[in-house]
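A.B. asks: One structure is given below, represented as structure tokens, and several questions about it will come after.
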Amino acid sequence: MRIDILTLFPDMFQGPFSESIIKRAVEQGHVEIVLHDIRDYSTDKHRRVDDYPFGGGAGMVMQIEPIDRVISKLKGEREYDEVIYMSPDGKRLDQKIVNQLSLKGNLIILCGHYKGVDQRVRDNFITMEISIGDYVLTGGELAAAVVVDSVVRLIPGVISDETSALSDSFQDNLLAPPVYTRPAEYKGWKVPDILLSGHEAKIERWREEQALERTKRLRPDLLGEDQA
Ligand code: ADE
């Protein structure tokens with residue numbers, strides 16, 4: 001998989017992509033993440049990429065030309081499955097969307113800033129708009145990092161224990177069951193006996209029951225039930 005990220009602040013990705021599982025996924029060649037500074041595609045001598053909104057109003061708007069130049073260049077080099085714009089107006093990210101994106105080959109992710117991008121970018125280049133929740137961030141970078149993190153961990157081979165991704169919260173519209181590790185007792189707080197029993201089938205059933213109970217209690221909306 002290849003993910004091209006178009007941003008005004010490429011350094012914002014240094015943190016999230018230079019540690020842990022995503023870093024290893026890149027090193028092992030499971031994913032190529034390429035950052036593009038949109039300013040490099042400005043034709044302005046001051047590298048400007050934004051301008052005042054037509055019709056007036058507060059805030060600046062990201063101009064179409066630099067974005068067109070970088071997207072057109074990339075599309076001339078390879079095919080892309082989706083051109084995603086990170087925006088609070090977009091479809092709310094959930095595990096279903098993450099699963100679908102993890103099966104794609106090449107993605108472009110555009111991060112907005114200021115008042116957003118010229119509408120003509122959205123109308124002519126964007127195939128999918130994604131929001132990570134009903135709140136407004138200062139820009140799309142943190143949201144893009146969330147998308148990349150959640151998608152990359154699903155690429156086969158990225159998480160060494162493949163079943164661990166399958167038993168994630170949300171995979172069956174259920175939250176994950178509780179987990180424990182050693183010591184079996186700490187300050188009098190005990191691990192449930194069943195997990196120490198060695199009885200695989202019973203443990204599996206217990207986990208399913210726990211997942212269902214947790215989901216009913218904490219996220220009944222996932223089961224199509226009203227939230228308490
Ligand atoms: N950009 C600003 N806020 C955002 C959000 N909630 N989701 C995705 N992109 C954003």
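Cβ atoms here come from the backbone N, Cα and C positions, even for glycine.
In TrEMBL, annotation is done automatically, which means it is predicted and not curated.
Pasting the relevant annotations from TrEMBL:
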type    : residues                                               : note
DOMAIN  : 1-223                                                  : domain 'tRNA methyltransferase TRMD/TRM10-type'
BINDING : Gly112, Ile132, Gly133, Asp134, Tyr135, Val136, Leu137 : S-adenosyl-L-methionine binding site
A.B. asks: Averaged across the domain 'tRNA methyltransferase TRMD/TRM10-type' (1-223), what pLDDT does the model get? Just tell me the whole number, please.
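C.D. replies: Mean pLDDT across the domain 'tRNA methyltransferase TRMD/TRM10-type' (1-223) comes out at 95.
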A.B. asks: Under 8 Å Cβ to Cβ from Val136 (S-adenosyl-L-methionine binding site), same chain, six or more residues apart: give me those in sequence order, or none if nothing qualifies.
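C.D. replies: Looking at Cβ-Cβ distances below 8 Å from Val136 (S-adenosyl-L-methionine binding site), excluding near sequence neighbours, one finds Pro88.
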A.B. asks: List, in sequence order, the same-chain residues at least six positions removed whose CB sits under 8 Å from that of Asp134 (S-adenosyl-L-methionine binding site)?
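C.D. replies: Those within reach of Asp134 (S-adenosyl-L-methionine binding site), by Cβ under 8 Å and sequence separation of 6 or more, are Pro88, Arg92.
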A.B. asks: How many neighbouring Cβ atoms, not counting its own, are there within 10 Å of the Cβ of Gly133 (S-adenosyl-L-methionine binding site)?
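C.D. replies: For Gly133 (S-adenosyl-L-methionine binding site), the 10 Å Cβ neighbour count is 11.
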A.B. asks: With the cut-off set at 10 Å between Cβ atoms, which of these binding-site residues ends up with the most neighbours? Options: Ile132, Leu137.
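C.D. replies: The residue with the densest Cβ neighbourhood is Ile132.
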A.B. asks: Would you mind checking how many other C-beta atoms are within 10 angstroms of the C-beta on Gly112 (S-adenosyl-L-methionine binding site)?
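C.D. replies: I count 27 other Cβ atoms within 10 Å of it.
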A.B. asks: Can you tell me how many other Cβ atoms are located within 10 Å of the Cβ belonging to Tyr135 (S-adenosyl-L-methionine binding site)?
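C.D. replies: Its Cβ shell of radius 10 Å holds 7 other Cβ atoms.
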